[in-house]
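Listed features, source TrEMBL:
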- 17-31: compositional bias 'Polar residues' (COMPBIAS)
- 35-47: compositional bias 'Basic and acidic residues' (COMPBIAS)
- 55-72: compositional bias 'Basic and acidic residues' (COMPBIAS)
- 73-88: compositional bias 'Low complexity' (COMPBIAS)
- 15-177: region 'Disordered' (REGION)
- 391-424: repeat 'TPR' (REPEAT)
- 476-509: repeat 'TPR' (REPEAT)
(Lines of atoms letter the chains of each structure in order from A and count residues from 1; the text may use other names and numbers.)
(Lines give C-alpha, C1' and ligand atoms only; values in the text may rest on other atoms or scores of the structure.)
Protein backbone atom coordinates (compact mmCIF):
# COMPACT_ATOMS: atom_id res chain seq x y z
CA UNK A 1 0.00 0.00 0.00
CA UNK A 2 1.31 3.30 -1.00
CA UNK A 3 2.78 6.12 0.98
CA UNK A 4 0.25 8.72 1.81
CA UNK A 5 0.40 11.83 -0.37
CA UNK A 6 -1.19 14.99 0.92
CA UNK A 7 0.17 17.39 -1.69
CA UNK A 8 -2.22 19.70 -3.49
CA UNK A 9 -1.80 17.55 -6.60
CA UNK A 10 -3.48 14.75 -4.66
CA UNK A 11 -6.18 16.78 -2.93
CA UNK A 12 -9.01 15.95 -5.26
CA UNK A 13 -8.19 12.27 -5.34
CA UNK A 14 -10.31 12.26 -2.21
CA UNK A 15 -13.28 13.81 -4.02
CA UNK A 16 -14.99 11.61 -6.62
CA UNK A 17 -15.70 12.44 -10.25
CA UNK A 18 -19.17 13.55 -11.30
CA UNK A 19 -18.89 13.83 -15.06
CA UNK A 20 -21.57 14.56 -17.64
CA UNK A 21 -23.27 11.54 -19.12
CA UNK A 22 -22.25 12.48 -22.66
CA UNK A 23 -18.69 12.61 -23.96
CA UNK A 24 -18.31 16.33 -23.47
CA UNK A 25 -15.70 17.88 -21.18
CA UNK A 26 -16.53 17.92 -17.52
CA UNK A 27 -18.49 20.74 -15.97
CA UNK A 28 -16.97 23.81 -14.45
CA UNK A 29 -15.54 23.24 -11.00
CA UNK A 30 -16.64 24.81 -7.78
CA UNK A 31 -13.65 27.13 -7.84
CA UNK A 32 -13.80 28.26 -11.47
CA UNK A 33 -15.10 31.55 -12.81
CA UNK A 34 -17.13 32.77 -15.72
CA UNK A 35 -15.94 35.48 -18.08
CA UNK A 36 -16.56 38.19 -15.55
CA UNK A 37 -16.35 38.30 -11.76
CA UNK A 38 -18.30 40.81 -9.75
CA UNK A 39 -15.62 41.13 -7.08
CA UNK A 40 -13.24 43.81 -8.19
CA UNK A 41 -10.52 45.56 -6.27
CA UNK A 42 -10.80 43.56 -3.05
CA UNK A 43 -10.28 40.19 -4.72
CA UNK A 44 -7.62 41.48 -7.08
CA UNK A 45 -5.82 42.81 -4.03
CA UNK A 46 -5.75 39.26 -2.66
CA UNK A 47 -4.56 37.86 -5.98
CA UNK A 48 -1.61 40.21 -5.92
CA UNK A 49 -0.51 38.67 -2.65
CA UNK A 50 0.93 41.90 -1.32
CA UNK A 51 -1.34 42.14 1.71
CA UNK A 52 -2.86 39.55 3.96
CA UNK A 53 -6.13 41.33 4.55
CA UNK A 54 -8.88 42.94 2.54
CA UNK A 55 -9.79 46.34 3.86
CA UNK A 56 -13.53 46.97 3.78
CA UNK A 57 -14.48 50.61 3.55
CA UNK A 58 -17.63 51.34 5.47
CA UNK A 59 -20.32 53.46 3.82
CA UNK A 60 -18.15 54.13 0.77
CA UNK A 61 -17.75 52.70 -2.73
CA UNK A 62 -14.57 52.91 -4.72
CA UNK A 63 -14.25 53.24 -8.48
CA UNK A 64 -11.65 50.88 -9.89
CA UNK A 65 -10.63 49.44 -13.22
CA UNK A 66 -11.03 45.70 -13.37
CA UNK A 67 -7.80 44.21 -14.74
CA UNK A 68 -7.58 41.38 -17.16
CA UNK A 69 -6.77 38.24 -15.26
CA UNK A 70 -5.99 35.25 -17.38
CA UNK A 71 -5.40 33.20 -14.27
CA UNK A 72 -9.13 33.33 -13.57
CA UNK A 73 -10.07 32.03 -16.97
CA UNK A 74 -11.18 28.47 -17.36
CA UNK A 75 -9.50 27.01 -14.31
CA UNK A 76 -11.55 24.04 -13.37
CA UNK A 77 -11.12 20.76 -11.65
CA UNK A 78 -12.83 17.57 -12.51
CA UNK A 79 -13.98 17.41 -8.95
CA UNK A 80 -16.62 19.84 -9.97
CA UNK A 81 -20.09 20.94 -9.17
CA UNK A 82 -22.91 19.97 -11.46
CA UNK A 83 -24.38 22.33 -13.99
CA UNK A 84 -28.11 22.42 -14.25
CA UNK A 85 -28.17 21.35 -17.87
CA UNK A 86 -26.25 18.12 -17.38
CA UNK A 87 -27.13 14.74 -16.02
CA UNK A 88 -25.27 13.24 -13.07
CA UNK A 89 -22.70 10.69 -14.02
CA UNK A 90 -21.39 7.70 -12.15
CA UNK A 91 -19.80 7.70 -8.77
CA UNK A 92 -16.09 6.98 -8.90
CA UNK A 93 -14.16 5.74 -5.93
CA UNK A 94 -11.35 7.98 -4.74
CA UNK A 95 -8.56 5.62 -4.00
CA UNK A 96 -7.65 6.43 -0.40
CA UNK A 97 -4.06 6.63 0.47
CA UNK A 98 -3.65 5.82 4.09
CA UNK A 99 -2.44 2.24 4.08
CA UNK A 100 1.08 0.92 3.89
CA UNK A 101 2.39 -2.11 2.08
CA UNK A 102 2.83 -5.47 3.73
CA UNK A 103 5.83 -6.21 1.54
CA UNK A 104 7.79 -4.75 -1.31
CA UNK A 105 5.53 -6.67 -3.63
CA UNK A 106 2.81 -4.15 -3.15
CA UNK A 107 -0.58 -4.44 -4.73
CA UNK A 108 -0.71 -2.28 -7.83
CA UNK A 109 -3.07 0.61 -7.46
CA UNK A 110 -5.25 1.54 -10.39
CA UNK A 111 -4.27 5.12 -11.05
CA UNK A 112 -6.67 7.86 -10.12
CA UNK A 113 -7.19 11.22 -11.75
CA UNK A 114 -5.42 14.11 -10.12
CA UNK A 115 -6.16 17.73 -9.34
CA UNK A 116 -5.47 20.11 -12.15
CA UNK A 117 -6.27 23.66 -12.97
CA UNK A 118 -7.78 22.79 -16.35
CA UNK A 119 -11.08 21.20 -17.32
CA UNK A 120 -10.71 17.43 -17.37
CA UNK A 121 -12.25 15.02 -19.81
CA UNK A 122 -14.82 12.36 -19.08
CA UNK A 123 -13.36 9.03 -17.96
CA UNK A 124 -14.28 5.64 -19.31
CA UNK A 125 -17.82 4.82 -18.25
CA UNK A 126 -16.71 1.66 -16.50
CA UNK A 127 -14.28 3.67 -14.42
CA UNK A 128 -11.35 1.46 -15.32
CA UNK A 129 -9.24 3.94 -17.26
CA UNK A 130 -9.05 7.34 -15.59
CA UNK A 131 -8.49 10.30 -17.89
CA UNK A 132 -5.04 11.58 -18.52
CA UNK A 133 -4.17 14.78 -16.67
CA UNK A 134 -4.45 17.64 -19.18
CA UNK A 135 -1.51 20.02 -19.49
CA UNK A 136 -1.42 23.09 -17.32
CA UNK A 137 -2.20 26.44 -19.01
CA UNK A 138 -3.29 24.64 -22.12
CA UNK A 139 -5.56 27.46 -23.09
CA UNK A 140 -6.76 30.72 -21.67
CA UNK A 141 -10.02 32.58 -21.88
CA UNK A 142 -9.68 36.29 -21.37
CA UNK A 143 -12.01 38.02 -19.03
CA UNK A 144 -13.78 41.05 -20.34
CA UNK A 145 -12.29 44.32 -19.24
CA UNK A 146 -14.70 46.16 -17.04
CA UNK A 147 -14.16 49.92 -17.26
CA UNK A 148 -14.64 52.03 -14.17
CA UNK A 149 -17.34 50.00 -12.48
CA UNK A 150 -18.10 50.54 -8.86
CA UNK A 151 -17.14 47.99 -6.28
CA UNK A 152 -20.12 46.13 -5.02
CA UNK A 153 -20.66 47.19 -1.43
CA UNK A 154 -20.04 44.50 1.19
CA UNK A 155 -22.16 44.53 4.24
CA UNK A 156 -20.32 45.42 7.37
CA UNK A 157 -21.31 43.00 10.05
CA UNK A 158 -19.99 40.87 12.78
CA UNK A 159 -17.76 38.19 11.24
CA UNK A 160 -17.75 34.72 12.70
CA UNK A 161 -14.49 33.28 13.97
CA UNK A 162 -12.29 31.13 11.81
CA UNK A 163 -11.35 27.57 12.60
CA UNK A 164 -8.14 28.71 14.24
CA UNK A 165 -10.04 31.14 16.46
CA UNK A 166 -8.75 34.34 14.86
CA UNK A 167 -10.74 37.17 13.36
CA UNK A 168 -9.60 39.91 11.05
CA UNK A 169 -10.95 43.09 9.53
CA UNK A 170 -12.19 41.35 6.39
CA UNK A 171 -14.58 39.00 8.19
CA UNK A 172 -17.47 41.33 7.47
CA UNK A 173 -17.16 40.62 3.73
CA UNK A 174 -17.34 36.83 3.94
CA UNK A 175 -21.04 36.85 3.14
CA UNK A 176 -20.24 37.73 -0.48
CA UNK A 177 -20.94 34.56 -2.54
CA UNK A 178 -18.03 35.24 -4.90
CA UNK A 179 -15.46 35.46 -2.14
CA UNK A 180 -15.37 31.76 -1.20
CA UNK A 181 -14.48 30.45 -4.69
CA UNK A 182 -11.86 33.16 -5.13
CA UNK A 183 -10.16 32.52 -1.78
CA UNK A 184 -10.16 28.78 -2.38
CA UNK A 185 -8.57 29.23 -5.80
CA UNK A 186 -5.84 31.37 -4.28
CA UNK A 187 -5.20 28.72 -1.63
CA UNK A 188 -4.91 25.99 -4.26
CA UNK A 189 -2.58 28.11 -6.39
CA UNK A 190 -0.32 28.84 -3.41
CA UNK A 191 0.05 25.19 -2.45
CA UNK A 192 0.48 24.07 -6.08
CA UNK A 193 3.37 26.52 -6.36
CA UNK A 194 4.82 25.33 -3.06
CA UNK A 195 4.68 28.84 -1.66
CA UNK A 196 3.61 29.67 1.87
CA UNK A 197 1.35 26.74 2.82
CA UNK A 198 0.39 28.52 6.04
CA UNK A 199 -1.02 31.39 4.02
CA UNK A 200 -2.83 28.87 1.83
CA UNK A 201 -4.38 27.38 4.95
CA UNK A 202 -5.57 30.80 6.13
CA UNK A 203 -7.19 31.46 2.75
CA UNK A 204 -8.85 28.04 2.70
CA UNK A 205 -10.26 28.56 6.20
CA UNK A 206 -11.69 31.93 5.19
CA UNK A 207 -13.14 30.35 2.04
CA UNK A 208 -14.83 27.67 4.14
CA UNK A 209 -16.28 30.33 6.42
CA UNK A 210 -17.56 32.26 3.41
CA UNK A 211 -19.20 29.16 1.94
CA UNK A 212 -20.75 28.43 5.32
CA UNK A 213 -22.22 31.92 5.64
CA UNK A 214 -23.60 31.84 2.11
CA UNK A 215 -25.17 28.39 2.46
CA UNK A 216 -27.71 29.68 5.01
CA UNK A 217 -27.86 26.32 6.73
CA UNK A 218 -28.75 24.39 3.54
CA UNK A 219 -26.67 21.43 2.27
CA UNK A 220 -23.93 23.01 0.19
CA UNK A 221 -21.63 20.74 -1.79
CA UNK A 222 -19.27 23.63 -2.49
CA UNK A 223 -18.72 23.90 1.27
CA UNK A 224 -18.10 20.15 1.42
CA UNK A 225 -15.46 20.37 -1.30
CA UNK A 226 -13.82 23.33 0.44
CA UNK A 227 -13.65 21.41 3.72
CA UNK A 228 -12.00 18.48 1.94
CA UNK A 229 -9.37 20.79 0.46
CA UNK A 230 -8.75 22.56 3.77
CA UNK A 231 -8.36 19.22 5.57
CA UNK A 232 -5.86 18.09 2.94
CA UNK A 233 -3.82 21.26 3.47
CA UNK A 234 -3.77 20.54 7.20
CA UNK A 235 -2.52 17.02 6.41
CA UNK A 236 0.19 18.39 4.12
CA UNK A 237 1.39 20.41 7.13
CA UNK A 238 1.33 17.29 9.32
CA UNK A 239 -1.59 18.64 11.39
CA UNK A 240 -3.80 15.56 11.08
CA UNK A 241 -5.77 16.15 14.25
CA UNK A 242 -6.85 19.53 12.90
CA UNK A 243 -8.14 17.91 9.72
CA UNK A 244 -10.42 15.41 11.47
CA UNK A 245 -13.17 17.81 12.69
CA UNK A 246 -13.34 19.41 9.24
CA UNK A 247 -13.85 16.04 7.58
CA UNK A 248 -16.43 15.03 10.17
CA UNK A 249 -18.30 18.26 9.40
CA UNK A 250 -18.09 17.57 5.66
CA UNK A 251 -19.68 14.14 6.16
CA UNK A 252 -22.67 15.57 7.99
CA UNK A 253 -23.61 18.06 5.24
CA UNK A 254 -24.55 15.89 2.21
CA UNK A 255 -27.97 14.21 2.10
CA UNK A 256 -27.86 10.95 0.13
CA UNK A 257 -31.53 11.25 -0.79
CA UNK A 258 -30.70 14.45 -2.71
CA UNK A 259 -28.96 12.47 -5.44
CA UNK A 260 -25.67 10.99 -6.54
CA UNK A 261 -23.68 14.18 -6.06
CA UNK A 262 -24.53 14.22 -2.37
CA UNK A 263 -23.66 10.52 -2.11
CA UNK A 264 -20.39 11.34 -3.90
CA UNK A 265 -19.51 13.98 -1.34
CA UNK A 266 -20.38 11.80 1.65
CA UNK A 267 -18.43 8.84 0.25
CA UNK A 268 -15.37 11.00 -0.43
CA UNK A 269 -15.52 12.44 3.09
CA UNK A 270 -15.60 9.02 4.72
CA UNK A 271 -12.65 7.78 2.66
CA UNK A 272 -10.54 10.89 3.29
CA UNK A 273 -11.32 10.71 7.01
CA UNK A 274 -10.23 7.06 6.97
CA UNK A 275 -6.96 8.08 5.32
CA UNK A 276 -6.35 10.70 7.99
CA UNK A 277 -6.95 8.25 10.82
CA UNK A 278 -4.61 5.80 9.09
CA UNK A 279 -1.90 8.45 9.01
CA UNK A 280 -2.30 8.78 12.78
CA UNK A 281 -1.97 5.00 13.12
CA UNK A 282 -5.58 4.65 14.34
CA UNK A 283 -6.36 1.64 12.17
CA UNK A 284 -9.60 0.72 13.91
CA UNK A 285 -11.11 4.17 13.31
CA UNK A 286 -9.71 4.16 9.79
CA UNK A 287 -11.38 0.86 8.90
CA UNK A 288 -14.68 2.06 10.38
CA UNK A 289 -14.63 5.10 8.09
CA UNK A 290 -13.69 3.05 5.04
CA UNK A 291 -16.47 0.55 5.78
CA UNK A 292 -19.07 3.30 6.11
CA UNK A 293 -17.96 4.87 2.83
CA UNK A 294 -18.07 1.43 1.22
CA UNK A 295 -21.72 1.00 2.24
CA UNK A 296 -22.57 4.41 0.77
CA UNK A 297 -20.90 3.46 -2.51
CA UNK A 298 -22.70 0.12 -2.71
CA UNK A 299 -26.01 1.85 -2.03
CA UNK A 300 -25.49 4.22 -4.96
CA UNK A 301 -23.75 2.00 -7.51
CA UNK A 302 -24.98 -1.45 -6.59
CA UNK A 303 -22.92 -4.35 -5.34
CA UNK A 304 -21.46 -5.48 -8.67
CA UNK A 305 -20.06 -2.23 -10.05
CA UNK A 306 -16.31 -2.50 -10.88
CA UNK A 307 -15.55 0.51 -8.69
CA UNK A 308 -17.14 -1.27 -5.76
CA UNK A 309 -14.64 -4.04 -6.46
CA UNK A 310 -11.77 -1.57 -6.20
CA UNK A 311 -13.08 -0.36 -2.86
CA UNK A 312 -13.35 -3.99 -1.71
CA UNK A 313 -9.70 -4.51 -2.51
CA UNK A 314 -8.64 -1.34 -0.76
CA UNK A 315 -10.65 -2.22 2.33
CA UNK A 316 -9.05 -5.68 2.26
CA UNK A 317 -5.61 -4.02 2.31
CA UNK A 318 -6.65 -1.99 5.36
CA UNK A 319 -7.81 -5.12 7.19
CA UNK A 320 -4.55 -6.84 6.32
CA UNK A 321 -2.64 -3.89 7.76
CA UNK A 322 -4.67 -4.38 10.96
CA UNK A 323 -3.76 -8.12 10.95
CA UNK A 324 -7.41 -9.07 10.36
CA UNK A 325 -6.62 -11.66 7.71
CA UNK A 326 -9.94 -13.51 7.54
CA UNK A 327 -11.88 -10.33 6.82
CA UNK A 328 -9.18 -9.23 4.37
CA UNK A 329 -9.51 -12.52 2.51
CA UNK A 330 -13.32 -12.26 2.37
CA UNK A 331 -13.21 -8.75 0.91
CA UNK A 332 -10.46 -9.61 -1.54
CA UNK A 333 -12.47 -12.59 -2.79
CA UNK A 334 -15.47 -10.28 -3.21
CA UNK A 335 -13.33 -7.91 -5.29
CA UNK A 336 -12.06 -10.80 -7.39
CA UNK A 337 -15.61 -12.02 -8.08
CA UNK A 338 -16.79 -8.54 -9.08
CA UNK A 339 -13.88 -7.89 -11.42
CA UNK A 340 -14.11 -11.32 -13.05
CA UNK A 341 -17.80 -10.74 -13.66
CA UNK A 342 -17.34 -7.27 -15.18
CA UNK A 343 -13.95 -7.46 -16.85
CA UNK A 344 -12.26 -9.46 -19.53
CA UNK A 345 -10.29 -12.57 -18.55
CA UNK A 346 -6.85 -11.81 -17.07
CA UNK A 347 -7.65 -8.11 -16.63
CA UNK A 348 -5.37 -5.79 -14.65
CA UNK A 349 -8.04 -5.48 -11.97
CA UNK A 350 -8.15 -9.25 -11.56
CA UNK A 351 -4.34 -9.34 -11.47
CA UNK A 352 -4.29 -6.80 -8.64
CA UNK A 353 -6.91 -8.80 -6.72
CA UNK A 354 -4.96 -12.04 -7.13
CA UNK A 355 -1.73 -10.36 -6.12
CA UNK A 356 -3.27 -9.19 -2.86
CA UNK A 357 -4.94 -12.56 -2.31
CA UNK A 358 -1.55 -14.22 -2.74
CA UNK A 359 -0.09 -12.01 0.01
CA UNK A 360 -3.02 -12.77 2.32
CA UNK A 361 -2.75 -16.53 1.76
CA UNK A 362 1.01 -16.39 2.29
CA UNK A 363 0.54 -14.55 5.58
CA UNK A 364 -2.06 -17.10 6.71
CA UNK A 365 0.32 -19.96 5.91
CA UNK A 366 -1.56 -21.29 2.87
CA UNK A 367 1.51 -21.20 0.65
CA UNK A 368 0.17 -23.41 -2.16
CA UNK A 369 -2.88 -21.16 -2.64
CA UNK A 370 -0.64 -18.11 -2.47
CA UNK A 371 1.58 -19.49 -5.21
CA UNK A 372 -1.41 -20.22 -7.45
CA UNK A 373 -2.79 -16.68 -7.14
CA UNK A 374 0.61 -15.07 -7.67
CA UNK A 375 1.40 -17.11 -10.79
CA UNK A 376 -1.99 -16.18 -12.29
CA UNK A 377 -1.39 -12.51 -11.39
CA UNK A 378 2.00 -12.62 -13.12
CA UNK A 379 0.51 -14.12 -16.27
CA UNK A 380 -2.16 -11.39 -16.38
CA UNK A 381 0.43 -8.65 -15.95
CA UNK A 382 2.59 -10.03 -18.74
CA UNK A 383 -0.50 -10.27 -20.98
CA UNK A 384 -1.26 -6.60 -20.26
CA UNK A 385 2.34 -5.45 -20.91
CA UNK A 386 2.97 -4.60 -17.25
CA UNK A 387 6.56 -5.86 -17.23
CA UNK A 388 7.60 -3.19 -14.76
CA UNK A 389 5.36 -4.79 -12.13
CA UNK A 390 6.27 -8.38 -12.91
CA UNK A 391 9.55 -8.22 -10.97
CA UNK A 392 7.71 -7.43 -7.73
CA UNK A 393 5.40 -10.38 -8.29
CA UNK A 394 8.45 -12.57 -8.94
CA UNK A 395 9.70 -11.61 -5.47
CA UNK A 396 6.40 -12.71 -3.94
CA UNK A 397 6.51 -15.95 -5.92
CA UNK A 398 10.02 -16.55 -4.57
CA UNK A 399 8.70 -15.96 -1.03
CA UNK A 400 6.04 -18.64 -1.56
CA UNK A 401 8.61 -21.12 -2.90
CA UNK A 402 10.86 -20.33 0.08
CA UNK A 403 8.02 -21.03 2.53
CA UNK A 404 7.45 -24.36 0.78
CA UNK A 405 11.21 -25.16 1.08
CA UNK A 406 11.49 -25.28 -2.72
CA UNK A 407 14.78 -23.43 -2.58
CA UNK A 408 16.02 -23.84 -6.14
CA UNK A 409 12.78 -22.44 -7.56
CA UNK A 410 12.91 -19.59 -5.03
CA UNK A 411 16.46 -18.68 -6.11
CA UNK A 412 15.36 -18.73 -9.76
CA UNK A 413 12.41 -16.38 -9.03
CA UNK A 414 14.60 -14.00 -7.01
CA UNK A 415 17.27 -13.91 -9.72
CA UNK A 416 14.65 -13.06 -12.36
CA UNK A 417 13.42 -10.21 -10.17
CA UNK A 418 16.98 -9.04 -9.55
CA UNK A 419 17.77 -8.88 -13.27
CA UNK A 420 14.57 -6.99 -14.03
CA UNK A 421 15.08 -4.48 -11.20
CA UNK A 422 18.67 -3.75 -12.27
CA UNK A 423 17.45 -3.05 -15.80
CA UNK A 424 14.50 -0.84 -14.85
CA UNK A 425 15.61 0.82 -11.59
CA UNK A 426 19.40 0.80 -11.53
CA UNK A 427 22.04 -0.98 -9.46
CA UNK A 428 21.50 0.95 -6.21
CA UNK A 429 17.72 1.06 -5.92
CA UNK A 430 16.19 -0.21 -2.63
CA UNK A 431 14.22 -2.77 -4.66
CA UNK A 432 17.57 -4.44 -5.40
CA UNK A 433 18.31 -4.38 -1.67
CA UNK A 434 14.99 -6.11 -0.93
CA UNK A 435 15.96 -8.99 -3.23
CA UNK A 436 19.38 -9.23 -1.53
CA UNK A 437 17.60 -9.53 1.83
CA UNK A 438 15.43 -12.36 0.50
CA UNK A 439 18.48 -14.21 -0.82
CA UNK A 440 20.24 -13.65 2.53
CA UNK A 441 17.28 -15.25 4.31
CA UNK A 442 17.23 -18.16 1.88
CA UNK A 443 20.93 -18.91 2.30
CA UNK A 444 20.63 -18.61 6.08
CA UNK A 445 17.84 -21.20 6.07
CA UNK A 446 19.95 -23.56 3.98
CA UNK A 447 22.94 -23.17 6.31
CA UNK A 448 25.10 -21.12 3.94
CA UNK A 449 25.98 -18.37 6.44
CA UNK A 450 28.83 -16.92 4.42
CA UNK A 451 26.59 -16.27 1.41
CA UNK A 452 23.86 -14.97 3.72
CA UNK A 453 26.22 -12.46 5.35
CA UNK A 454 27.49 -11.34 1.94
CA UNK A 455 23.98 -10.55 0.72
CA UNK A 456 23.22 -8.68 3.95
CA UNK A 457 26.29 -6.51 3.40
CA UNK A 458 25.28 -5.86 -0.21
CA UNK A 459 21.83 -4.76 0.94
CA UNK A 460 23.28 -2.46 3.61
CA UNK A 461 25.52 -0.75 1.06
CA UNK A 462 22.35 0.25 -0.79
CA UNK A 463 20.33 1.27 2.28
CA UNK A 464 23.13 3.28 3.90
CA UNK A 465 23.68 5.38 0.73
CA UNK A 466 20.21 5.62 -0.81
CA UNK A 467 19.49 7.13 -4.20
CA UNK A 468 17.99 10.64 -4.23
CA UNK A 469 14.20 10.74 -4.10
CA UNK A 470 13.74 7.44 -2.30
CA UNK A 471 11.09 7.67 0.48
CA UNK A 472 12.81 7.43 3.88
CA UNK A 473 10.39 4.80 5.14
CA UNK A 474 11.47 2.49 2.31
CA UNK A 475 15.03 2.68 3.60
CA UNK A 476 13.85 2.11 7.18
CA UNK A 477 11.92 -0.98 6.09
CA UNK A 478 15.04 -2.36 4.43
CA UNK A 479 17.09 -1.79 7.58
CA UNK A 480 14.55 -3.65 9.72
CA UNK A 481 14.56 -6.56 7.23
CA UNK A 482 18.35 -6.84 7.38
CA UNK A 483 18.18 -6.57 11.17
CA UNK A 484 15.93 -9.64 11.27
CA UNK A 485 18.57 -11.66 9.40
CA UNK A 486 21.30 -10.62 11.85
CA UNK A 487 18.99 -11.47 14.75
CA UNK A 488 18.52 -14.95 13.26
CA UNK A 489 22.31 -15.28 13.14
CA UNK A 490 22.39 -14.28 16.83
CA UNK A 491 24.31 -11.08 16.06
CA UNK A 492 22.05 -9.07 18.35
CA UNK A 493 24.30 -6.03 18.69
CA UNK A 494 24.34 -5.45 14.91
CA UNK A 495 20.57 -6.09 14.77
CA UNK A 496 19.91 -3.47 17.45
CA UNK A 497 22.13 -0.91 15.69
CA UNK A 498 20.14 -1.32 12.49
CA UNK A 499 16.83 -1.02 14.32
CA UNK A 500 18.04 2.18 15.98
CA UNK A 501 18.81 3.64 12.56
CA UNK A 502 15.38 2.62 11.31
CA UNK A 503 13.77 4.10 14.40
CA UNK A 504 15.47 7.43 13.81
CA UNK A 505 14.08 7.52 10.26
CA UNK A 506 10.55 6.54 11.26
CA UNK A 507 10.44 9.12 14.04
CA UNK A 508 10.74 11.82 11.37
CA UNK A 509 7.90 10.40 9.24
CA UNK A 510 4.31 11.23 10.23
CA UNK A 511 1.76 8.47 10.73
CA UNK A 512 4.29 5.77 11.64
CA UNK A 513 3.61 5.39 15.37
CA UNK A 514 2.35 1.83 15.01
CA UNK A 515 5.48 0.85 13.08
CA UNK A 516 7.71 2.59 15.63
CA UNK A 517 5.97 0.66 18.42
CA UNK A 518 6.66 -2.63 16.65
CA UNK A 519 10.36 -1.80 16.27
CA UNK A 520 10.63 -0.75 19.92
CA UNK A 521 9.00 -4.00 21.01
CA UNK A 522 11.48 -5.99 18.91
CA UNK A 523 14.36 -4.05 20.44
CA UNK A 524 12.92 -4.85 23.86
CA UNK A 525 13.09 -8.56 23.07
CA UNK A 526 16.73 -8.32 21.97
CA UNK A 527 17.75 -6.24 24.98
CA UNK A 528 16.12 -8.92 27.15
CA UNK A 529 18.10 -11.66 25.38
CA UNK A 530 21.30 -9.67 26.04
CA UNK A 531 20.42 -9.39 29.74
CA UNK A 532 19.98 -5.60 29.58
CA UNK A 533 16.64 -5.63 31.43
CA UNK A 534 16.42 -1.89 32.10
CA UNK A 535 16.71 -1.05 28.38
CA UNK A 536 14.30 -3.86 27.62
CA UNK A 537 11.75 -2.44 30.06
CA UNK A 538 12.13 1.06 28.64
CA UNK A 539 11.67 -0.15 25.07
CA UNK A 540 8.57 -2.15 25.93
CA UNK A 541 7.14 0.70 27.98
CA UNK A 542 7.50 3.11 25.06
CA UNK A 543 6.07 0.58 22.60
CA UNK A 544 3.03 -0.24 24.72
CA UNK A 545 2.21 3.41 25.37
CA UNK A 546 2.11 3.93 21.58
CA UNK A 547 0.10 0.77 20.99
CA UNK A 548 -2.52 1.87 23.50
CA UNK A 549 -3.07 4.99 21.39
CA UNK A 550 -2.70 3.87 17.81
CA UNK A 551 -3.52 0.17 17.60
CA UNK A 552 -6.44 -2.00 18.56
CA UNK A 553 -5.78 -2.70 22.22
CA UNK A 554 -7.29 -6.15 21.90
CA UNK A 555 -4.93 -7.46 19.22
CA UNK A 556 -2.84 -10.58 19.84
CA UNK A 557 0.32 -8.57 19.15
CA UNK A 558 -0.57 -6.20 21.97
CA UNK A 559 -1.10 -9.15 24.32
CA UNK A 560 2.29 -10.63 23.42
CA UNK A 561 4.00 -7.27 23.99
CA UNK A 562 2.39 -7.04 27.44
CA UNK A 563 3.67 -10.52 28.27
CA UNK A 564 7.21 -9.61 27.20
CA UNK A 565 7.16 -6.43 29.27
CA UNK A 566 5.95 -8.47 32.22
CA UNK A 567 9.00 -10.71 31.90
CA UNK A 568 11.26 -7.63 31.95
CA UNK A 569 9.47 -6.48 35.13
CA UNK A 570 10.13 -9.86 36.78
CA UNK A 571 13.86 -9.51 36.06
CA UNK A 572 13.77 -6.03 37.61
CA UNK A 573 11.91 -7.41 40.66
CA UNK A 574 8.83 -5.30 39.89
CA UNK A 575 6.56 -8.27 40.62
CA UNK A 576 3.32 -6.36 41.21
CA UNK A 577 3.65 -4.54 37.90
CA UNK A 578 4.44 -7.85 36.23
CA UNK A 579 1.22 -9.35 37.64
CA UNK A 580 -0.85 -6.50 36.19
CA UNK A 581 0.77 -6.89 32.78
CA UNK A 582 0.36 -10.68 32.72
CA UNK A 583 -3.29 -10.39 33.74
CA UNK A 584 -4.01 -7.90 30.96
CA UNK A 585 -2.15 -10.10 28.46
CA UNK A 586 -4.14 -13.14 29.65
CA UNK A 587 -7.52 -11.49 29.07
CA UNK A 588 -6.50 -10.33 25.57
CA UNK A 589 -4.94 -13.60 24.39
CA UNK A 590 -7.80 -15.72 25.74
CA UNK A 591 -10.18 -13.69 23.62
CA UNK A 592 -8.01 -13.41 20.52
CA UNK A 593 -6.25 -16.80 20.47
CA UNK A 594 -8.22 -19.03 22.83
CA UNK A 595 -7.15 -20.66 26.13
CA UNK A 596 -5.12 -23.45 24.51
CA UNK A 597 -2.96 -21.39 22.17
CA UNK A 598 0.80 -21.60 22.96
CA UNK A 599 1.02 -17.83 23.57
CA UNK A 600 -1.88 -17.98 26.04
CA UNK A 601 -0.34 -20.98 27.80
CA UNK A 602 2.94 -19.06 28.18
CA UNK A 603 1.11 -16.23 29.91
CA UNK A 604 -0.61 -18.72 32.24
CA UNK A 605 2.79 -20.10 33.24
CA UNK A 606 4.25 -16.64 33.80
CA UNK A 607 1.23 -15.50 35.78
CA UNK A 608 1.36 -18.60 37.99
CA UNK A 609 5.00 -17.90 38.79
CA UNK A 610 4.32 -14.27 39.77
CA UNK A 611 1.30 -15.26 41.89
CA UNK A 612 3.54 -17.71 43.72
CA UNK A 613 6.16 -15.01 44.26
CA UNK A 614 3.69 -12.69 46.01
CA UNK A 615 2.01 -15.44 48.05
CA UNK A 616 -1.26 -15.77 46.10
CA UNK A 617 -1.06 -19.56 46.10
CA UNK A 618 -4.70 -20.18 45.32
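The backbone N, Cα and C atoms fix where each Cβ goes, and this holds for glycine too.
Predicted automatically and left uncurated, TrEMBL annotations should be read as such.
Look at the repeat 'TPR' (391-424): DSSP puts its residues at 31 helix, 0 strand, 3 coil.
Across the repeat 'TPR' (476-509), the DSSP tally of helix, strand and coil residues reads 28 helix, 0 strand, 6 coil. In the predicted model, the repeat 'TPR' (391-424) has a mean pLDDT of 92.
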